[in-house]
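The structure under discussion is supplied below as structure tokens; questions concerning it will follow.
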Ligand SMILES: C[S@@+](CC[C@H](N)C(=O)[O-])C[C@H]1O[C@@H](n2cnc3c(N)ncnc32)[C@H](O)[C@@H]1O
Ligand SMILES: Nc1nc2[nH]cc(C(=O)O)c2c(=O)[nH]1
Ligand code: SF4
Ligand SMILES: [Mg+2]
């Protein structure tokens with residue numbers, strides 16, 4: 001009997017669009033958003049992939065089926081695939097990454113760093129996004145450090161809403177001085193039907209804060225997709 005392929009729980013697959021955040025900003029990307037998360041950040045902009053009330057919308061898919069959909073969306077041309085969620089680290093993604101590489105795709109994975117997997121080593125990019133105090137979650141730094149496997153380009157991306165989050169980012173930078181750091185202002189209005197407000201003001205506050213401190217290591221970037229499309233899903 002053949003092996004039953006492990007199922008990946010998928011909330012949505014969309015693109016190509018541009019990566020709106022962090023190190024790969026602006027790069028044409030297909031997103032695979034998995035369903036389910038071990039965190040529940042107070043300001044999560046992707047609750048439809050976190051809250052179990054949306055569980056009925058998550059579809060179990062094989063790696064082969066997901067690659068088929070990526071190929072449809074990309075016209076079969078290799079491009080960057082972003083594995084996000086929810087927490088994609090809780091899904092069996094190793095076969096998808098291996099088969100996708102063979103077809104010319106590259107893979108970035110976005111995770112909070114709460115769960116490490118051996119197969120992170122097979123990624124091209126690993127975006128670790130430890131959660132600041134405003135999220136209501138608490139980082140286990142030992143678990144976070146366990147995510148730092150050799151292989152992918154690893155970067156850190158931290159969302160900042162307030163002064164306490166800023167202090168958290170400074171502490172994270174002291175703990176992991178070798179990780180390129182991206183700071184991203186938080187979007188406080190995440191309902192799909194609502195228009196985000198005050199994005200410019202938050203960005204300006206953060207730029208000011210960093211520059212006034214003489215802290216010249218991080219890059220400060222807005223969520224480009226939110227500027228362009230607001231809280232619309234699937235972009
Ligand atoms: C929805 S999460 C999914 C991946 C993973 N669970 C994580 O948090 O890294 C993708 C990225 O969006 C960020 N994010 C979520 N809600 C946000 C908000 N309201 N404003 C700004 N960034 C947000 C997260 O911090 C993370 O960097
Ligand atoms: N365009 C675009 N860029 C993104 N970067 C991170 C996203 C995410 O929700 O993981 C995201 C997203 O949903 N859309
Ligand atoms: S860890 Fe990521 S997906 Fe999970 S609740 Fe927080 S922001 Fe949302
Ligand atoms: Mg998002």
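Cβ coordinates come from backbone N, Cα and C, glycine included.
Small disclaimer: the values here were computed from a predicted structure and weren't measured.
In case it helps, TrEMBL gives these features for our protein:
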type    : residues                      : note
BINDING : 18, 19, 20, 33, 84            : substrate binding site
BINDING : 37, 41, 44                    : [4Fe-4S] cluster binding site
BINDING : 43, 44, 45, 86, 129, 130, 131 : S-adenosyl-L-methionine binding site
BINDING : 46                            : Mg(2+) binding site
DOMAIN  : 24-231                        : domain 'Radical SAM core'
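Each of the listed features needs to be described in terms of its position in the shown structure.
Applying an 8 A CB threshold to same-chain residues 6+ apart, the list for residue 18 (substrate binding site) reads 25, 26, 27, 28, 29, 224, 225. According to its DSSP assignment, residue 18 (substrate binding site) is in a strand.
Cβ-based neighbour count (10 Å, all protein chains) for residue 44 ([4Fe-4S] cluster binding site) stands at 19. Mapped onto three states, the DSSP output places residue 44 ([4Fe-4S] cluster binding site) in coil.
Every protein chain shown contributes to the tally, and the Cβ of residue 43 (S-adenosyl-L-methionine binding site) ends up with 16 other Cβ atoms within 10 Å.
For residue 46 (Mg(2+) binding site), the same-chain residues that are 6 or more apart in sequence and have a Cβ closer than 8 Å to its Cβ are 11, 33, 84, 85, 86.
When pLDDT is averaged over the domain 'Radical SAM core' (24-231), the result is 98.
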Residue 44 ([4Fe-4S] cluster binding site): which of the binding-site residues 19, 20, 130, 131 is the nearest Cα neighbour?
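Sorting the binding-site residues by distance from residue 44 ([4Fe-4S] cluster binding site), the top entry is 131.
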Which binding-site residues, if any, among 19, 33, 46, 84, 130 have a Cβ under 6 Å from ligand 2, given in order along the chain?
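Listed by sequence, the hits are 19, 46, 84.
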If I take the alpha carbons of residue 37 ([4Fe-4S] cluster binding site) and residue 45 (S-adenosyl-L-methionine binding site), what is the distance between them in whole Å?
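Their Cα atoms are separated by 13 Å.
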Look at the binding-site residues 37, 41 and tell me which residue has the greatest number of other C-beta atoms within 10 angstroms of its C-beta.
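Sorting the candidates by Cβ neighbours within 10 Å, the top entry is 37.
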